[in-house]
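Positions annotated as compositional bias 'Low complexity' by TrEMBL: 1-11, 20-35, 117-126. For 40-62, 94-112, the entry in TrEMBL reads compositional bias 'Basic and acidic residues'. Look at TrEMBL and you will find 435-539 tagged as domain 'Helitron helicase-like'. The region 'Disordered' annotation in TrEMBL covers 1-62, 91-126.
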């Protein structure tokens, strides 16, 4: 019995040993699996850390490369800027050398011409009266020619042609002045400027008379007659004083026929163009020998031109509409044409031009400025019949020279800006001389109708020069302190003393006949004023 129990116990011990060994093996396997898993996790962590280190290294490399690229680009930009500055310096130096060479050549050419003129002046007769105008015009007496060469130089800034002896900045002040080109005239007017028909030749021969008949205001001037002994020959027009541009009320008085702008307004619908042309021709002083055939052709031309102006000229259109507006208002209503164009962005309550007006920038309900043009329906009160238009008004050129500016291109006014200049913050204005010097130049790719106008073009040039001189004199009279006129106090005292002495010596009723000056506000002309006494003495 005991032997059986011992066998069972041994069997149980063996079984427990086998179970313990299996557990130990299983535990060992589990431990081995855990170690393998831990090693795998550590390997993954190490791989991730390696990847992070690699990414960090890549980021550092990229940063270093970007920094090197920035430094390289900065060096390239610095090198490029240095090259640009060096090129600009070389261009400036070359341009200065060219300008200096051109200036020296112009000075040499001017000195040569001056020597030739002085030699020709010394070779002339002692008395210029020996030249008889009739002999010069007939060709019996030859006058020396002054050849300034061909017009072959082209301005790089504005494209104007100029002679070799002219200054390079004469046309556009070295690019400071830039004006819009004159538009081409309507076909009917262009045909009259260019064709060789009898009608076109008559138009060009009487172009000043036709322009005066079609103008919107009158031009008056005091002309000095030729001196005695010249047979009435006048090689040039001598003007004393200033030019006066005058305009009357829009409605003609009952006892007078309409004239100038009143003719357009008296028949706004052009119902009788023949009668209108006859009225215009009646205001023109034609030569006494003008034949009936020529007068008939002039009437036909006036009919064509006045129809053209009614169609394309904005000033004619606006004057007619202004008369209609004034006729609908109260008796003393007036329209004011501003000296400059309507400012951009101005509120409509000030420049409230009625609908349809294109060029007339009107100010209704305000007092006119010093240089504004006032349109009235009829003369009333103490306003007089005619109003003088200031030279600084933008309408002076287009409403007088209607055949030169048929589309109403405005003239000079004080609000024209110069082209922007690098390095200059304040923008200057275009002065009168610069405006007309630019406008009178010949440019191959622009319309040349202005230079085909013959005597009308000459009249325009004379009026432009008179305007330039008048505005310059006004500037001098109002800027005496800037030209340091106080340095001439002794001169003013002497003039005042002479005037006071003369007035004391002469009786009251005989001072004007005796030529005693009535001294008012004295103005000192600088030596730079061309034609002034000091300028002539210095020359």
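In case you wondered, yes, glycine gets a Cβ from its N, Cα and C as well.
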Residue counts (helix, strand, coil, in that order) that DSSP gives for the region 'Disordered' (91-126): 33 helix, 0 strand, 3 coil
Do any residues, 6 or more residues outside the compositional bias 'Basic and acidic residues' (40-62), come within under 8 Å Cβ-to-Cβ of it, and if so which ones? none
Helix, strand and coil counts within the compositional bias 'Low complexity' (20-35) (DSSP): 16 helix, 0 strand, 0 coil
What is the average pLDDT across the domain 'Helitron helicase-like' (435-539)? 71
